[in-house]
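In what follows, a structure is listed as structure tokens, so that the remarks can point back to it.
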Amino acid sequence: MDNKIVYVVSDSVGETADLVVRAAMGQFPFAPDIRRVPYVEDTGTLKEVISIAKSNQALICFTLVKPDMRQYLVTEAAKEGVEAYDIIGPLIDQIEEITGQVPRYEPGVVRRLDEEYFKKIEAIEFAVKYDDGRDARGILKADIVLIGISRTSKTPLSQYLAHNKRLKVANVPLVPEVDPPEELYQVAKEKCFGLKITPEKLNHIRKERLKSLGLSDGATYANINRIKEEIDHFENVVSKINCQVIDVSNKAIEETANIIVNAVQNQKMF
């Protein structure tokens with residue numbers, strides 16, 4: 001048997017049915033002629049496919065999640081003497097029986113889940129690439145830009161937003177001795193968020209950081225006057241950008257992230 005025609009019918013892209021058919025056909029010594037019929041939404045299309053399949057003595061394999069569409073195809077194909085194989089329906093029915101849960105009957109769910117997964121991975125990779133001001137070009141590409149002095153949770157917040165909200169985040173450290181990148185003044189202020197912290201809180205955090213590294217907590221890094229100088233520089237930069245400032249002194253990463261996400265969503269509404 002050469003080039004047996006198989007019509008792959010789906011209410012979405014049809015990738016699932018296509019893969020299953022190819023896997024099954026791979027067990028036989030003939031080359032299948034697989035013809036995909038995607039995004040089927042009405043019985044008229046099904047009737048047409050049945051007619052064509054009959055004239056070509058073809059097999060129909062389908063993934064239709066809506067029960068009425070599945071039943072129509074099976075019934076009408078049988079009337080015309082056309083073999084129609086339901087790839088996903090019996091499994092959906094079995095899972096419903098075992099769990100007692102009603103299916104959503106939404107076409108293309110797997111595809112949407114795959115897209116969400118890859119968006120998350122892309123966002124995580126972006127956060128790593130443009131962490132700590134490594135490449136200023138990321139500022140203009142980012143969904144969100146975080147700015148702040150050292151130890152204001154820029155990196156963990158970037159990763160949290162990437163992993164949980166699928167947002168591409170670049171973060172930029174501010175140091176008095178180094179001019180901020182020009183891109184920081186070019187980005188839309190609505191995308192930019194300054195992370196502020198009290199001198200006392202930051203002094204404690206930095207001292208603990210130095211201790212964890214086996215260093216003296218008397219270093220300039222944890223000096224209160226140095227910290228105040230850095231905060232003054234931060235205030236000067238954010239005033240020029242005119243971006244929203246969030247006090248992270250007593251906030252968990254999740255809380256700060258929610259403030260940012262809500263701000264972004266509100267901007268999109270108006």
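Placement of Cβ uses the backbone N, Cα and C atoms for every residue, glycine included.
Around S153 (ADP binding site), the C-beta neighbours below 8 angstroms that are at least 6 residues distant in the chain are L195, V248, I253, T256. Residues annotated as ADP binding site in Swiss-Prot, with sequence analysis given as evidence: G148, I149, S150, R151, T152, S153, K154, T155.
DSSP gives G148 (ADP binding site) a strand state. Annotation: T152 carries the greatest number of neighbouring Cβ atoms among the binding-site residues S150, T152, T155 [cut-off 10 Å, Cβ to Cβ]. Around the Cβ of R151 (ADP binding site), the same chain contributes I197, L202, I205, R206, R209, each under 8 angstroms and 6 or more positions distant in sequence.
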